[in-house]
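Enquirer: According to TrEMBL, the protein has these features:
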{"type": "TRANSMEM", "residues": "B:12-31", "note": "transmembrane segment"}
{"type": "DOMAIN", "residues": "B:14-172", "note": "domain 'Cytochrome c assembly protein'"}
{"type": "TRANSMEM", "residues": "B:43-69", "note": "transmembrane segment"}
{"type": "TRANSMEM", "residues": "B:81-102", "note": "transmembrane segment"}
{"type": "TRANSMEM", "residues": "B:114-132", "note": "transmembrane segment"}
{"type": "TRANSMEM", "residues": "B:144-167", "note": "transmembrane segment"}
{"type": "TRANSMEM", "residues": "B:191-210", "note": "transmembrane segment"}
Amino acid sequence: MGYLFMAYTIIWALLAGYIFVLGKRQKDLKKELKVLEDWKSEQ
Amino acid sequence: MKQPSAFVDRMLYILLVPAMFVSLYLIFIWSPIEKQMGASQKIFYFHVSTAWVAFLAFFVVGYYCVLMLKRPTEDRFIKAGISAEIGVVFTTITLLTGMIWGKSAWNTWWTWEPRLVTVLILLFIYIAYLFVRKMEGTWEKIAKLSAVFGIIGCINVPIVFMAIRWWNTKLHPVVFGEGKNQSGGGVEPDMLVTLLFCIGTITLLYLFMMRKGIEIEKMRLTVRKAKSRVIEKLAS
């Protein structure tokens, strides 16, 4: 039972980790896009 | 009106969430407990599913890499890169769950057995592929150089699949099809239903991640182009 728990913990941790990385990339890009849009509207 | 791509994303999400819960129900409650290995055998469902998706991801990389050698485009470069990233994540999961399976079934975390070694080589090839993509240089040159790595990795996929059949390993069982001195088809019907459902669910997860990843990378491209326009404007 311990091995089963260990395996599924690793599976969910890695999947959640990758989804978190994707989410962070998107968040950072949205921030950059906002800065560029603000700059454009100021011009 | 909503964009069709947003609709597809939403549909994928709507299908994926219940499918994941049904998979977990099938694994932990519905499917029988195997007599010899006990509960640890249930690792098998996600282990095989993630291995299947890793292979699929690397075939997708190979497909776009061949196209890139013919004519490199940003769209192909992005799709190959995201598929490789997902492939690396799923191969890591396959290797780690395989190690845990090995410890419970063979009483060892690692053994230099053909299937394990070929999977490890596959993982290293795609990690190298992702590093090559980050190299400095002209975009076209990097696209073509990384495409070569992508194709080499893709060629390794059938070798991984056939390893236990060609080198007649006693440790890794042949589940589907016939191997040397081993007969395939060793999955009970209830277990097979669970396995096929899990493969379907993880494939949906791959499609969802792939679409999200492509969307993000295209956004990155837009930001980069907007930045260079700003720099040009400031310089003039």
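The backbone N, Cα and C atoms fix where each Cβ goes, glycine too.
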Enquirer: If I count Cβ-Cβ pairs under 8 A between the transmembrane segment (B:12-31) and each of B:81-102, B:114-132, B:144-167, B:191-210, which range comes out on top?
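Expert: It is B:191-210 that shares the most Cβ pairs under 8 Å with the transmembrane segment (B:12-31).
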Enquirer: Do at least three C-beta pairs under 8 angstroms join the transmembrane segment (B:191-210) to the transmembrane segment (B:114-132), pairs 6 or more apart in sequence?
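Expert: Between the transmembrane segment (B:114-132) and the transmembrane segment (B:191-210), which are separate recorded stretches, there is no contact, as judged by 3 or more close Cβ pairs.
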Enquirer: Please identify the stretch among B:43-69, B:114-132, B:144-167 with the greatest number of Cβ pairs below 8 Å relative to the transmembrane segment (B:81-102).
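Expert: The stretch I would name here is B:43-69.
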Enquirer: On the 0 to 100 pLDDT scale, where does the domain 'Cytochrome c assembly protein' (B:14-172) sit on average?
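Expert: A mean pLDDT of 89 is what the predicted model shows over the domain 'Cytochrome c assembly protein' (B:14-172).
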